[in-house]
Amino acid sequence: TVALLWIAVLTPAGAASAAALPVVINTWAFRTAAETAWRVLESGGSELDAVERGCGQCEIDQCDGSVGYGGSPDESGETTLDAMIMDGNTMEVGAVADLRRVKNAIGVARKVIEYTKHTLLVGESASLFAVRMGFPYEDLTTHKSLSLYSKWLNQSCQPNYWKNVVPDSSTSCGPYKRREEVTYKEQTSSERSVHNHDTIGMVVIGVSGTVASGTSTNGAIHKLPGRVGDSPIAGAGSYADSAAGGAAATGDGDVMMRFLPSYQAVEYMRMGTDPTVACQKVISRIQKYAPKFFGAIICANTTGSYGAACNKIPGFTQFHFMVSSPLLSRPTEQVVDCI
């Protein structure tokens, strides 16, 4: 069994809340990912091992169709993967983006840390690196992803991510050309499904306070080929610092990555801010510029205290996430009201 560390944490309102280490927290109700990560810790594995195996379980399970193979085809019908993993002791990061024909994206990201001096590998070159590291080439396309792609084509390629082009991207498929006179059109949250979760993000804090974090995703559905979102970007998709805590984000990565929400949340916790408040402050910061964005963030500090926050929009008023802790008899789904 995992050794326990019990700590009394004071909330900003002054009420005491119990916290314990180790803790595993991950975005969405991805239970098997939480269970897998917790078992790794129980068996003596490291925090990085727990993150890799936990997120990797979601890749196997194709969690919600938004993680792993067979989901979220891009404009050409291809599924590509993004992932990252971060060591909060050394501040090393391994990440891959636009990874093709390799299923275990976070496993490849871990190898970037272990076998290179780089941080982020992308595209076809990332796939070649994966093969050199022993990962097999595998088809990421499934009947489901082909069906999603066909349905999208049949509804005039709606929705998509183009703007200021001809023909009109809101009513037809391309190929598009740039419009000579640029116009601005704000996109409402209803134009894309809020159920396109995009990412598993996970933070693991060991009994000694060591922090690791990671993400894995197949990205935004019907994205432009080559698009990279927040998930594999350190400080955006996730961030870990064993001197403060860890955080991970999920949602509209094209908006959220501009604010480095995971890094910002960890910095708030470094200053002593309660994890829940840190998450809320990050969401509020983005709201000022993009009030209709779809997104959420999880936060945990080195005492084992944790929290989450999300932006309230039509169809998305609560955010579900998983927590594993010595205070809980099993990995438990928790819910927070969006702000």
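Glycine is treated like the rest: Cβ placed from N, Cα and C.
Annotated in TrEMBL:
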SIGNAL    1-18  signal peptide
ACT_SITE  THR199  active site, nucleophile
BINDING   ARG227, VAL228, GLY229, ASP230, THR250, GLY251, ASP252, GLY253  substrate binding site
Most distant Cα pair in Å, residues ARG227, VAL228, GLY229, ASP230, THR250, GLY251, ASP252, GLY253 binding substrate: 16
Alpha-carbon spacing, the residue listed as 'active site, nucleophile' to VAL228 (substrate binding site), which is rounded to whole Å: 13
Which of ASP230, ASP252, all binding-site residues, has a Cβ with the fewest other Cβ atoms inside 10 Å: ASP252
